[in-house]
């Protein structure tokens with residue numbers, strides 16, 4: 001008996017989903033996705049559709065989608081985000097600033113003044129920590145070791161290795177089961193890439209399609225050390 005195309009497993013191409021589905025099992029609301037692409041600026045990663053953000057790339061990819069609909073194999077067309085350049089505040093010359101500070105009653109009395117950036121010396125001294133205080137702040141109690149959760153070998157899990165995201169069972173896991181990126185993602189000068197394989201592209205969808213460079217075990221923990 002020939003299996004129809006309706007039962008063929010397909011991968012959803014919506015941003016933030018990537019789930020496997022079939023044409024005969026694709027109800028409205030089964031797909032949770034991001035309606036528009038990401039925005040990267042000053043080390044911050046943000047979804048432009050819902051303004052959810054994170055500094056950590058792995059946590060950023062785990063932010064759930066803000067819209068629901070049907071799965072699709074059509075890749076979304078992403079609008080290129082234009083970074084917002086901060087406008088520098090006007091600065092006054094040192095001579096002019098000194099003149100205004102002399103005429104300002106708050107500055108002359110030693111109070112903090114946001115207009116002229118002065119700060120009383122006593123307040124500065126209080127913010128400085130002595131060497132003994134700094135050492136005390138560094139001493140923290142040791143946290144108890146994290147206990148690994150006991151998982152059924154037949155229980156489906158989602159691999160958290162970067163670049164993988166596949167569903168697996170522990171009974172089928174082995175040393176070459178997972179294709180992933182061991183190194184961190186790198187975002188610099190509007191380029192996106194992986195440090196482990198030194199591949200960099202400009203567009204986010206091209207970045208997500210960079211093939212993994214390493215084989216290994218699937219891991220359901222976002223932290224390889226756990």
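In case you wondered, yes, glycine gets a Cβ from its N, Cα and C as well.
Among the ranges 62-82, 83-103, 104-124, 125-145, the stretch that Swiss-Prot annotates as motif 'CCCH' is 104-124. For the Zn(2+) 4 site, Swiss-Prot records 196, 197, 213, and the single candidate of 180, 181 listed with them is 181. For the Zn(2+) 3 site, Swiss-Prot gives 159, 164, 178; the one candidate out of 41, 55, 218 that the record lists there too is 218. According to DSSP, residue 50 (Zn(2+) 2 binding site) is assigned to coil rather than to any helix or strand. In this structure the alpha carbons, written CA, of residue 164 (Zn(2+) 3 binding site) and residue 197 (Zn(2+) 4 binding site) are 15 Å apart. Summed and averaged per residue, pLDDT over the domain 'CHORD 2' (159-218) gives 87.
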